[in-house]
Structure formats: structure tokens, C-alpha cells
Amino acid sequence: MALIVQKFGGSSVSDAESIKRVAKRIVDTRRAGNDVVVAVSAMGDTTDDLLDLANAVSPIPAPRELDMLLTAGERISMALLAMAIKGMGHEALSFTGSQAGMITDATHGAARIVDVTPKRVRAALDQGAVAIVAGFQGFNRHTGDITTLGRGGSDTTAVALAAALRADVCEIYTDVDGIFTSDPRVVPQAKKIDFITNEEMLELAASGAKVLYIRAVEYARRHGVKLHVRSSFNSNEGTIVYNPEDGIPNGGNVEEPIITGIATDTGEAKVTVVGVPDIPGKAAEIFEIVAKTNANIDMIVQNVSEAATGRTDISFTLPSGDGARVIGALEAERASVEFLSLQYDDQIGKLAVVGAGMRTNAGVSAKIFRSLFEAGINIEMISTSEIRISVVTRADSLNEAARVLHTAFGLDGDEVAVVHAGTGR
Ligand code: ADP
Ligand code: ASP
Ligand code: MG
């Protein structure tokens, strides 16, 4: 008998019919003789709708209350799913994050899991029931408060449960057939990948491929959890995320192209600090101010200073949700840092080309720059890691940039990829 953790995303449980469809799938897995633990997201766009409501009543919703509100979404779907399973004649019990032992730090909106004590989940399995756990939520022991794990965090709930229960596999069910060479909503010719290394998946997730939440991929890597991403709308094989240190899956028969995938992200903005005195210590001052706001900055570019003025410009990118906070913090210190002005631009797009084959193949960046030039797309910023090259473009040329590079690196498939549901919101 295997222990399987199954996670169903919001688009897989968007209405009563979908919940019944998912319940049937869970019951089938149970009938095949497996123990099943389920992590479930809020229905459809519920989380976004709740966020809109919060913003409608308060310009800056209190983080503790926002977490209280958002966790209501998963409470609805977990109870409905348990009812649907019981309606099919099987035992099921739903649990909130705190009932399931998801212990986190106290950071509202982006809490980290510090311990998982799934006693009640175990007990439910021992009684022969399916355990349904609300995704995305946890509990802090010191404050006694409810937390959330960050957008997309139900993936982390599933992986953390799989690790704590030593599950045989963690299956992530979503609205596409697996992990593709690019977001099929952006690049219709994207191809499904059968096997992907966790290292490449981490880079794609960090660069905006929201099919898996980055913290879930990290957690799975650290705890040796086997991840299987697949569609809840059919029984196609999906994608296995593997750790190359554990050996190559499929009897070593895994394709290793130079470029594995391309991710796009429209959620970033660019801040330019104009006219910074070009003397030692100024970058430190600026980024210490930014660090205090807890914003996650990504690319940084410092221009050559102008000899006449002895001043330079420093630009960096960050999630646009952090923009107002960072601008406010920098503006408050303008006199002490002695920069001239600030520019804020949220009409940028970020694109990342990812592939472990880059380590041993020269010319990838040249090909990216040439292809974008030939398509008339201007590059505003560049950054690289060992297996990734990222560029910033105008937001309105981002999708075309992704399609151009997808073709240039020979990633196009013969069919148009199917997105089964969801608004992609
Ligand atoms: P869920 O509600 O199941 O958590 P998400 O919307 O979070 O689903 O993630 C699935 C979506 O991720 C897909 O519909 C697709 O648009 C998007 N996506 C982005 N990059 C990729 C990729 N490389 N492969 C597959 N899907 C991707
Ligand atoms: N419902 C949460 C969100 O929309 C968590 C998740 O779906 O993973 O971000
Ligand atoms: Mg998701």
C-alpha cells in the first residue's frame, strides 16, 4: 500500500461539478489500495476575490486580518471536498492548517513552515479515511495566530505533508498536463516536459513559472520528496521533477536539451535611483534602506558615471507589489543618500531562459540577443546565473520575446498546448 499526497489547485476545484470530479479521482486512488492525503486550494479565483474585497475596505489591510480572511477560501473547499467524498461512500475528514500541524514562523503573508506535526492526519488515515488539508495556511505557536504561506502556497502544504508523512509521492494536480517548455498561455507551441531536474524547476519557478511555487520545489529538494505534476482533467502522464543526485529516471532515458524552458513574469517593476554620488558606500546605503522594507530585489544594474557630474544611476527590479513601500522608504532618505530623483516603471516584463546545458554550451546569450534584435525587441537589463539568462523588456513585447526565443531554441512542439481551465489570474 502506498501513501500518496495529492494537491488540487484552485482551477481544479472551481465549482461543485469540479469538486465532484476531483472527489472521484481521490476515491479511485483510495480504491486502488492507497492511503490518500489531499491538500486543496481555494475554489477558482476565491483568493483574488477576497484580496479585492480587503483592498476595497482598506488601502493597506492589516496583515493578521488579511491572513484570517484569505484562509477562509481553503476552509470552504476542504469541507466541500470532504462532503463530496463522503457522498461517494468513502470516509473523509477535513483539517485546517493548524489542525493538520502546519507550524510556521509569524510572518503574515509569507510564512515559512518550521515544523509539521500531522497527528490528526495520521489518525484519520489509520481510521481508513481520506485526510483533506487546507492548503496555503499555517499556525504560529508564539502569537497563536493563523498565517499564510504566500501566493501559490498550497503546493508547499502538499510537499511539507508528503515529507512529514514520508509519502511515496506528492502529486500536484493542475489545469495543464504538466510542466511545459513555457507557459502554454503565452507560448501556444509549448511542449510538455516528461522529466525535469529540480535545479531547473527552481530557476523556472523563481522566474515566474507559477505551475509550481518556488518554496515547494525547494522544500521537496531539501526533504527528498518526489514531485509529479499532472492534469486533474485527464489521466495523462504529467511531469516528474527529479534530483539528478538520486540517478536519472526512466532507465537513464531522459532528454537533456541545452535549453529546458523559458519563463515570463509581468509582476515586476523597475526602480531607478537617479544621480547617486559615485563614491564608495552609496550602493550599501541604498540597498540597506531597501532591505529594511523586506522587498525581494532581483536584478541590479549600475550605469557608468558621468565624469562631469561624478554621479551615476542605479536600477533594480522588484515585485511590483513592493514598489510603493520601497519608493516611500528611499524618498524618505533622499537627502542623506544625496541622490537626485527616483523613477518607477511597472511596464516591464522579465523573461528567463533556463537550461542545465548552458554550463557546457557557449553562445546561448549571443543567440538570445541576436534573436531579440531580429524581432525588434529592446533589452533593458540582463542578469545570469549558472543555468539561467534573464532579460528585461517592455511589458508589451514580453510574450513575443518568449515566442521568438522558444522557436530560436528549437522548443516548439507540433501541437497547440491545452489549458483545461482557470483564468490564469
Ligand atoms: P493551480 O490553480 O493548479 O495552482 P496555477 O495557476 O498556480 O494552478 O498554475 C498552473 C498554470 O501555470 C498554468 O495554467 C499555466 O498557465 C501556468 N504556467 C506557467 N509556466 C508554466 C510552465 N512552464 N508549464 C506549465 N504551466 C505553466
Ligand atoms: N489559494 C492560494 C492562492 O491563490 C494558494 C494556492 O492556490 O496555492 O495563492
Ligand atoms: Mg498554483
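Positions of Cβ are set from backbone N, Cα and C atoms, glycine also.
These come from TrEMBL:
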BINDING   Lys7, Phe8, Gly9, Gly10, Thr174, Asp175, Arg185, Lys210, Val211  ATP binding site
BINDING   Thr47, Glu74  substrate binding site
DOMAIN    271-347  domain 'ACT'
For the binding-site residues listed here (Lys7, Arg185), tell me which residue's CB has the most neighbouring CB atoms inside 10 Å.
Lys7
Specify the secondary structure state of Gly9 (ATP binding site) as given by DSSP, simplified to three classes.
coil
Averaged over the domain 'ACT' (271-347), what pLDDT does the predicted model reach?
94
Using DSSP, what is the helix/strand/coil residue split across the domain 'ACT' (271-347)?
28 helix, 25 strand, 24 coil
Can you list which of the binding-site residues Lys7, Thr47, Glu74, Arg185, Val211 have their Cβ under 6 Å from some atom of ligand 3?
none
Cβ under 6 Å from an atom of ligand 2: which of these binding-site residues qualify? The list is Lys7, Thr47, Arg185.
Thr47
To the nearest whole angstrom, state the Cα distance for the pair Gly9 (ATP binding site) and Glu74 (substrate binding site).
10
Let me know the largest Cα to Cα distance in Å among the ATP-binding residues Lys7, Phe8, Gly9, Gly10, Thr174, Asp175, Arg185, Lys210, Val211, as an integer.
22
Just checking: which of the binding-site residues Lys7, Thr47, Glu74 have a C-beta under 6 Å from ligand 1?
none
